[in-house]
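Participant: So TrEMBL says this about it:
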| type | residues | note |
| --- | --- | --- |
| TRANSMEM | 12-31 | transmembrane segment |
| TRANSMEM | 43-62 | transmembrane segment |
| TRANSMEM | 68-93 | transmembrane segment |
| TRANSMEM | 130-151 | transmembrane segment |
| TRANSMEM | 163-190 | transmembrane segment |
| TRANSMEM | 202-223 | transmembrane segment |
| TRANSMEM | 235-258 | transmembrane segment |
| TRANSMEM | 264-281 | transmembrane segment |
| TRANSMEM | 293-314 | transmembrane segment |
Amino acid sequence: MLAVADPSMLDVSLPVFAIIVMGYLCGRFRLLGEGAATAVNGFTYYAAMPALFLGAITSAGFSLTDNLAYISVLVGAQLAVFGISMLCATILFPGSLGAHSLHSLSATLTNSGYIGIPMMALAYGEPGVLLAIIATLVNGVIFLTIGSVLLELDKAEHNNAAGIALVTLTGVLKSPLVLGALAGVILSAFDLELPGPARSVVDMLGATAGPCALFAIGLFLVGQRITTGAAEVSWVTFVKLILLPLVTWVIVLFLIPLPPMETAAAVLMAAMPTGSLVFVLSERHGVFAARSVAIVLVTTVLSCLTVSGLLTVFL
């Protein structure tokens with residue numbers, strides 16, 4: 001069980017960004033050898049994070065009805081900003097549907113998993129972790145699917161949107177994070193508990209998820225450069241770090257009220273930097289690759305200021 005006693009902004013933000021810097025320095029000076037980033041990220045994605053999702057959901061319990069308002073705020077804000085971004089990309093930055101999709105996904109897909117979860121653990125303990133997990137699932141299941149479908153439609157000979165969406169969603173639902181969360185939801189729904197040894201394994205692996213995720217981000221940033229599209233990168237950075245949290249906050253204030261911790265979680269998750277999965281998609285589809293790397297880099301660096309500012313407000 002995670003315990004938090006009135007943390008300050010520095011208590012939360014400093015450890016998070018310090019571990020990212022440590023990962024960067026280890027990668028920059030090649031202390032861990034070739035392939036370190038792949039190994040650490042693979043362990044985090046396939047073992048530590050699924051264990052954390054399973055353990056947190058079974059411990060805290062999950063109810064869709066209890067979290068429906070929170071989920072609605074997340075989805076509503078991200079859909080609104082995704083639409084705004086698609087419109088602005090079409091007008092300001094001419095390109096293909098695939099490029100515009102990745103532009104919009106870069107402005108809405110948040111790194112709620114690798115940065116948001118450890119940050120919420122420090123700020124709010126186990127209840128905060130559960131809220132960050134929900135945000136991560138919203139990102140993965142809904143917005144990663146939307147972006148992937150648009151990318152497939154951009155290169156498809158026949159625009160079978162329903163078929164492409166089904167195949168894409170099936171792939172998303174098979175991801176380790178979703179499977180870990182689904183297992184937790186099923187156990188929680190039937191009021192089942194993991195056996196003692198299994199619980200110990202899950203807890204031990206889950207405890208490594210936050211530090212390893214942050215360290216992996218630092219390793220990923222080594223060697224990344226802003227090589228093209230400075231204007232577009234700047235615009236997407238503004239939308240991601242300023243506009244999306246602002247829209248989220250406005251929805252909470254005027255449309256869907258939330259309790260204080262859920263309000264903080266929704267705004268903080270919106271303020272997370274762009275998730276690195278945007279770069280994975282752009283590289284796989286051969287479009288927007290240089291810009292996506294730059295956006296992930298810039299939003300990650302600048303988020304240490306914007307997120308710290310928001311933590312000052314909420315803590």
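In case you wondered, yes, glycine gets a Cβ from its N, Cα and C as well.
Buried or exposed, and what's around them? Tell me for each listed feature.
Facilitator: Taking Cβ pairs closer than 8 Å, the transmembrane segment (12-31) reaches residues 37, 40, 115, 118-119, 122-123, 211, 214-219, 221-222, 300, 304, 307-308, 311, 315 in its own chain, all 6 or more past its ends.
Counting only same-chain residues 6+ beyond the ends of the transmembrane segment (43-62), those with a CB under 8 A from a CB of the stretch are 1, 113-114, 117, 126-127, 129-130, 133, 176-177, 179-181, 183-185, 187-188, 193-194, 199, 201-203, 205-206, 208-210, 212-213, 216.
Below 8 angstroms of C-beta separation, residues 99-101, 103-105, 107-108, 131, 134-135, 138-139, 142-143, 146, 232, 235-236, 239, 243-244, 247-248, 251-252, 255-258, 262, 265-266, 269-270 of the same chain, each at least six residues beyond the ends of the transmembrane segment (68-93), sit close to that stretch.
For the transmembrane segment (130-151), same-chain residues at least 6 beyond its ends with a Cβ under 8 Å from one of its own Cβ atoms are 52-53, 56-57, 60, 62, 67, 70-71, 74-75, 78, 82, 97-98, 101-102, 104-105, 108-110, 112-113, 116-117, 119-121, 124, 161, 164-165, 168-169, 171-173, 175, 177-178, 181, 261-262, 265-266, 269, 275, 277-278, 281, 285, 287.
Counting residues 6+ beyond its ends, the transmembrane segment (163-190) has Cβ neighbours under 8 Å at 45-46, 49-58, 61-62, 113, 133, 136-137, 140-141, 144-145, 148-149, 152-153, 156 in the same chain.
Within the chain carrying the transmembrane segment (202-223), a Cβ under 8 angstroms from the stretch's Cβ atoms is held by residues 16, 19-28, 32, 36-37, 40-41, 43-44, 47-49, 51-52, 54-56, 111, 113-115, 117-118, 121, 194, 276, 296-297, 300, all 6 or more beyond its ends.
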Participant: Sort out the residues at least 6 away from either end of the transmembrane segment (235-258), same chain, that have Cβ-Cβ distances under 8 Å to it, and list them.
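Facilitator: Distant Cβ neighbours of the transmembrane segment (235-258) are 69-70, 72-74, 76-78, 80-81, 84-85, 88, 92-93, 103, 106-108, 110, 266-268, 270-271, 273-274, 291, 295, 298-299, 302-303, 306, 310.
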